[in-house]
Amino acid sequence: MSTLNCVNYKNRGACQAKVIQSLCSLTCGYCSTENTTTTTAAPTTTSVNETLLNATCQDNHSKCANWSASGFCSSNYTNYMSNNCARSCGFCGVWNNWSTWTTCSVKCGGGVQQRKRSCKASVCAGDSTVMRACNRNRCTTCFDQVSYCSAFAQAGKCSETLWKYMCRKSCKVCVEPAQSNPAICADKHTNCPAAAEQGGCSDTRVQSVCPKSCNVCTTPC
């Protein structure tokens, strides 16, 4: 690393971070020779993450402090100020609010949804995206889970396991409730109720063994 960059890091107080100590040992005063006593880092309560945040989150304009005092951090100039005057505005390491959760990826059988947030400055600690499970109820009716299943079926994608699951109706692999002979709807294994309770009915193989617990029958679509 160049001497100029090391000086900049030192001026920003980043020498407390071990990675900066390693790259800028001379500038940060961590070099040792045979005739000198080895210098050790001074105790500090500042975390490495906080030190690096402070080192990278800086003002990029000499008038940032004045603009901040004039209220520009919370005005129509917020976007500009967050990018150029993060330190004066107190945006360092501060997140914007979470977005609302997205629509679940599937209608049944277990999907995911996510929400996001953005950092007010150049860097923040933590995750910008989180996900959670949704619609974990078992699928009990015959329908496609995505709008383009018909086109995928026509393109021959039904031979792939994923699309057999996502496009049951278009791929003609689902089953419908019995109409003429309800007696044929019977489980073939004693563990079927437990399997259904745990969401196993999203698997067509479980449906074929447990038509009663999964609320399906053996009559093809």
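Even glycines carry a Cβ here, placed using N, Cα and C.
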C214 - recorded disulfide partner, TrEMBL, among C201, C217, C221: C201
According to TrEMBL, the disulfide-paired cysteine of C15 among C6, C24, C28: C28
C210 - recorded disulfide partner, TrEMBL, among C185, C192, C221: C192
Among C6, C57, cysteine joined to C24 by disulfide in TrEMBL: C6
Disulfide-bonded residues clustered about C28 (disulfide bond) [Cα within 10 Å; pool: C6, C192, C201]: C6
Cβ contacts of C192 (disulfide bond) (under 8 Å, same chain, 6 or more positions away): V206, V209, C210, K212, S213, C214
C6 (disulfide bond) versus C15 (disulfide bond) - Cα distance in angstrom: 9
For the domain 'ShKT' (57-92), the number of residues DSSP places in helix, strand and coil: 20 helix, 2 strand, 14 coil
Between C201 (disulfide bond) and C24 (disulfide bond): CA-CA distance (Å): 60
